[in-house]
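Participant: Per TrEMBL, domain 'FAD/NAD(P)-binding' is recorded for 6-320. Annotation source TrEMBL lists disulfide bond at Cys42-Cys47. If you look up TrEMBL, you'll see Lys51 marked as FAD binding site. Taken from TrEMBL, the feature NAD(+) binding site covers Gly176, Gly177, Ser178, Tyr179, Ile180, Gly181, Leu182, Glu183, Glu199, Gly266. What TrEMBL lists as domain 'Pyridine nucleotide-disulphide oxidoreductase dimerisation' is 344-448. The active site, proton acceptor feature in TrEMBL is assigned to His440.
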Amino acid sequence: MSQRFDAVVVGAGQAGPALAERLGKSGRKVAVIERKLVGGTCVNTGCIPTKAMVASAYVAQLGRRSESYGVSTGEVGVDMEAIWKRTQGISGHSRSNVEKWLAGMPNVSLLRGHAAFESSRTLRVGDTLIEGGEIFLNVGGRAVIPDFPGIDSVPYLTNTGILELRELPRHLVIVGGSYIGLEFGQMFRRFGAEVSIVERSDRLLPKEDPDVSAAVVDILQREGIGLHLAAECIELHGKAGDISITAKCASPRMEVHGTHVLLAVGRRPNTDALGLDKAGVAINEHGYITVDDQCRTNVEGIWALGECNGRGAFTHTAYNDYEIVAANLLDGEPRRISDRILAYALFIDPPLGRIGLTEREALNQGHDVRVGVRPMSRVGRAIERGETQGFMKVVVDGRSEQLLGAAILGVNGDEAIHSLLDVMYAKARYQTVTHAVHIHPTVAELLPTVLQGLGTVK
Ligand SMILES: Cc1cc2nc3c(=O)[nH]c(=O)nc-3n(C[C@H](O)[C@H](O)[C@H](O)COP(=O)(O)OP(=O)(O)OC[C@H]3O[C@@H](n4cnc5c(N)ncnc54)[C@H](O)[C@@H]3O)c2cc1C
Ligand SMILES: NC(=O)c1ccc[n+]([C@@H]2O[C@H](COP(=O)([O-])OP(=O)(O)OC[C@H]3O[C@@H](n4cnc5c(N)ncnc54)[C@H](O)[C@@H]3O)[C@@H](O)[C@H]2O)c1
């Protein structure tokens with residue numbers, strides 16, 4: 001059997017549904033093909049379930065600290081089954097909203113199954129051939145499974161499997177000390193598990209500035225999380241409930257025993273079983289689909305959006321890819337990926353809000369770097385909240401007087417950072433912020449002060 005559509009969207013993740021709606025409204029007959037759960041990673045196994053669990057972990061931690069606020073809660077108990085149910089409820093609600101949204105879109109049909117190219121205009125889904133005038137790939141990614149010795153015999157978790165745990169692991173060992181590793185690590189520690197993080201680099205969050213990494217280490221160590229850095233040549237040994245992880249090339253040789261292992265060493269794109277060679281669509285050496293500044297692949301009539309194009313690894317960047325494609329194709333507005341400023345948050349507690357360049361990147365790029373820093377222990381709002389860990393740091397170019405980047409590791413840092421991000425988008429001078437009057441008492445009210453104290457960096 002074969003069916004013809006004006007437009008075919010493969011993957012109902014963060015870009016696909018919104019794009020399908022716009023295409024359908026333009027009068028095109030549209031197919032959305034999804035092989036698993038609509039909503040993709042973010043809704044089902046990523047942002048939404050993890051942030052729901054981070055919220056439970058925050059409450060547990062606050063309960064333990066309650067007496068310091070003059071409040072008695074009694075001993076804190078954590079019910080993993082109840083946390084699982086709450087998390088599944090939030091994630092499931094979000095998924096069903098996307099399902100209803102898709103079902104109500106004019107001219108859009110949702111087809112279930114794995115899609116793979118047969119030619120540059122044809123995809124196979126089971127026994128059906130789907131022909132598309134325009135094809136939009138939003139296939140996302142999945143966890144990297146490294147080829148560690150022992151990986152085939154020792155049971156391990158990824159971000160997917162760990163969400164299914166209904167009992168607390170006694171000792172969770174996490175390989176990878178970046179976004180996924182740190183968010184899960186802190187949350188399981190707060191649930192009551194022993195947690196060890198094993199990271200190949202000599203510091204956590206190796207892409208951040210060293211002062212950010214050091215402050216994050218301090219936050220995690222105070223909560224009793226074990227850190228094993230510079231862990232090279234990892235091997236897994238043992239069986240379910242009794243696992244050891246060794247880093248043979250670490251000096252001295254490192255070994256840590258646990259009951260469960262989470263692999264959090266990065267993501268890879270879902271492009272390997274997509275038949276891209278049959279369509280002639282080019283990929284890079286890591287399997288990401290090569291696109292131009294407006295998400296077009298090398299094959300006319302085929303676009304790639306979201307994580308699979310390697311130009312962003314976040315929900316907001318995937319959604320922005322949809323906005324870029326829709327603007328160019330449907331609105332005659334030449335929006336571009338390169339107009340986007342890097343922005344993300346790490347949702348440990350306190351969170352890290354990050355935008356633009358790090359201090360190190362700014363120096364490497366030859367900017368006349370000026371930096372303003374303030375510890376959260378000197379931020380009124382943080383003191384009143386009893387949450388004074390971390391610091392804020394803003395990086396400015398002394399010649400253009402524009403903001404280059406910022407990091408706010410501290411309470412509300414994930415929100416406060418946006419006031420700087422918007423000034424960067426406006427391409428305004430940093431004095432826009434120093435002259436602004438911010439609300440008291442907030443974290444953002446100190447940003448003008450930080451910028452008034454800019455210093456030169458060698
Ligand atoms: C644990 C975790 C936490 C995260 N937290 C955050 C966060 O807090 N903030 C943030 O911004 N980002 C976060 N992310 C990243 C974010 O989830 C992803 O960047 C985002 O979901 C990518 O969206 P996407 O649309 O590109 O792909 P996806 O959401 O992965 O969607 C791709 C869809 O395509 C489908 N598909 C794939 N291949 C085919 C095929 N051949 N045929 C049919 N269907 C196919 C998949 O089933 C999937 O539904 C997190 C990720 C993880 C793993
Ligand atoms: N808050 C958020 O926005 C959020 C949260 C979770 C995940 N995510 C997304 O998920 C993606 C993947 O996250 P991630 O943390 O898995 O990957 P990552 O690429 O950010 O970090 C992987 C970490 O594992 C380490 N590593 C790699 N190989 C290793 C090895 N052999 N042994 C030990 N350590 C090793 C790396 O040095 C690095 O620190 C991110 O890029 C991000 O886009 C985002």
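Placement of Cβ uses the backbone N, Cα and C atoms for every residue, glycine included.
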Participant: Within 10 Å of each Cβ, count the other Cβ atoms, then let me know which of the recorded positions Cys42, Cys47, Ile180, Leu182 comes out lowest.
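Facilitator: Lowest Cβ count within 10 Å among the recorded positions (Cys42, Cys47, Ile180, Leu182) is Cys47.
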Participant: Under a three-state reading of DSSP, tell me whether the residue listed as 'FAD binding site' is helix, strand or coil.
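Facilitator: Helix, per DSSP.
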Participant: Is any of Gly176, Ser178, Leu182, Glu199, His440 (recorded positions) within Cβ reach of ligand 1, i.e. under 6 A, and which?
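Facilitator: Not one meets the Cβ criterion.
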Participant: Any same-chain residues 6+ apart from Gly176 (NAD(+) binding site) with CB under 8 Å of its CB? Would you list them in sequence order, or say none?
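Facilitator: Counting only residues 6 or more apart in sequence, the Cβ neighbours of Gly176 (NAD(+) binding site) under 8 Å are Ile197, Val198, Glu199, Leu263, Ala264, Val265, Gly266.
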Participant: I'm trying to understand the geometry here, so how far is the Cα atom of Leu182 (NAD(+) binding site) from the Cα atom of the residue listed as 'FAD binding site', in Å to the nearest whole number?
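Facilitator: Between the alpha carbons of Leu182 (NAD(+) binding site) and the residue listed as 'FAD binding site' there are 13 Å.
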Participant: Using the CB centroid of Gly176, Gly177, Ser178, Tyr179, Ile180, Gly181, Leu182, Glu183, Glu199, Gly266 as the NAD(+) site centre, which other residues of the same chain sit with their CB within 8 A?
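Facilitator: These residues sit around the NAD(+) site: Ile174, Gly185, Ile197, Leu204, Leu205, Ala264, Val265.
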Participant: Tell me the Cβ neighbour count for the residue listed as 'active site, proton acceptor', meaning other Cβ atoms within 10 Å of its Cβ, over all protein chains shown.
Facilitator: 9
Participant: Less than 6 Å between Cβ and the nearest atom of ligand 2 is the rule; apply it to the recorded positions Cys42, Lys51, Leu182, His440.
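Facilitator: Not one meets the Cβ criterion.
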Participant: Can you give me the same-chain residues 6 or more apart in sequence from Lys51 (FAD binding site) with a CB-CB distance under 8 Å?
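Facilitator: The answer is Phe347.
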Participant: Taking 10 A as the limit, how many CB atoms besides its own sit near the CB of Ser178 (NAD(+) binding site)?
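Facilitator: Total other Cβ atoms inside 10 Å, all chains included: 19.
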Participant: In whole Å, how far does the CA atom of Cys42 (disulfide bond) lie from that of Ile180 (NAD(+) binding site)?
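Facilitator: Ile180 (NAD(+) binding site) has its Cα 13 Å from the Cα of Cys42 (disulfide bond).
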Participant: Which one is it: of the recorded positions Cys47, Ser178, Ile180, whose Cα lies the shortest distance from the Cα of His440 (active site, proton acceptor)?
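Facilitator: Minimum Cα distance from His440 (active site, proton acceptor) across Cys47, Ser178, Ile180 lands on Cys47.
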Participant: For Cys42 (disulfide bond), just give me the three-state DSSP call.
Facilitator: helix
Participant: Please report the distance from the Cα of Ser178 (NAD(+) binding site) to the Cα of Cys47 (disulfide bond), rounded to the nearest angstrom.
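Facilitator: Spelling it out, the Cα of Ser178 (NAD(+) binding site) and the Cα of Cys47 (disulfide bond) are 15 Å apart.
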Participant: Using Cα coordinates, what distance in whole Å links Cys47 (disulfide bond) and Ile180 (NAD(+) binding site)?
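Facilitator: So the alpha carbons of Cys47 (disulfide bond) and Ile180 (NAD(+) binding site) sit roughly 10 Å from each other.
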Participant: On the DSSP side of things, how many residues of the domain 'Pyridine nucleotide-disulphide oxidoreductase dimerisation' (344-448) fall into helix, strand and coil, could you say?
Facilitator: 37 helix, 31 strand, 37 coil
